[in-house]
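A.B. asks: Grabbed the feature section from TrEMBL, which reads as follows:
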BINDING   87, 88, 89, 90, 91, 92, 93, 94  ATP binding site
DOMAIN    257-312  domain 'Torsin-1A C-terminal'
């Protein structure tokens, strides 16, 4: 028979061990946990990574950095943070979203608290609009209930059925709770090519007038972008209540990339592959890219989107 003292000691050790293993500081090293409201985003680390990896987008970097830092440092935000990123393909919208997600949740897009929706994949059929709205609301409600600091990324907004995104309007509004759930710590990011033509025209006008692109300020583009996207029938934000009710906090323009920015992308891709940067290869890849306008050839019409594929051809160099 076991002595009472031995039994008591064994039980005490078991309780202590169980308590240690279940403590958040230990448990969350091995299982992803939702960050607490007290945890602040490392703004300096985010700034360093944006400067190192996102090229030619001084406006986007500045606006997003200030927006997410202010939101993270606010102990009691009145609504979720909503960012709408606009510009042609290859200018860095997806890339910035990925970097931001990694700084909110360490696993980034692989995190169970980061949710990516693709319009053509998740909402393909117009006749299922009512079903999609209900599914979207249930999905967001369930995930925010599990983690208040959830991140939701909606890609291909220019291909989303008009009216669908309005289903999430109650979650973006100034409510402390909706059906017992608070959404004020969540982040919503919308990615769209809509408005890209307006941004490109403004960038070309600056170039034509002899101004540097770094002189372009948010106030030069955001009002035009706001109206243009709202009235764009080929956009999921067409006449959206999210815009009408001023629930999107920032319309973030992504400028068309110049030759020098494309070369930065090529060098970064070579480094990521473990290659020594060879300027001959950099120039060869850049020469295969196409630029607009046709006469001046200032801006890349695909941004950096085809850099990886182009570099594959030159690997033997």
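Easy rule for this one: first residue shown is 1, then count along the chain.
Cβ coordinates are placed from backbone N, Cα and C, and glycine is handled just like the others.
Whatever TrEMBL says is automated annotation, not expert-curated.
Could you tell me the structural context for the features on the list?
C.D. replies: Residue counts of the domain 'Torsin-1A C-terminal' (257-312) by helix, strand and coil are 29 helix, 5 strand, 22 coil (DSSP-based).
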A.B. asks: Within 10 Å of its Cβ, which one of these binding-site residues (91, 94) has the largest number of other Cβ atoms?
C.D. replies: 91
A.B. asks: Other than 87, 88, 89, 90, 91, 92, 93, 94, which residues of the same chain sit close to ATP? List them in sequence order, counting a residue when its Cβ is within 8 Å of the Cβ centroid of the site.
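C.D. replies: Not counting the recorded site residues, we get 95, 193, 254, 303, 305.
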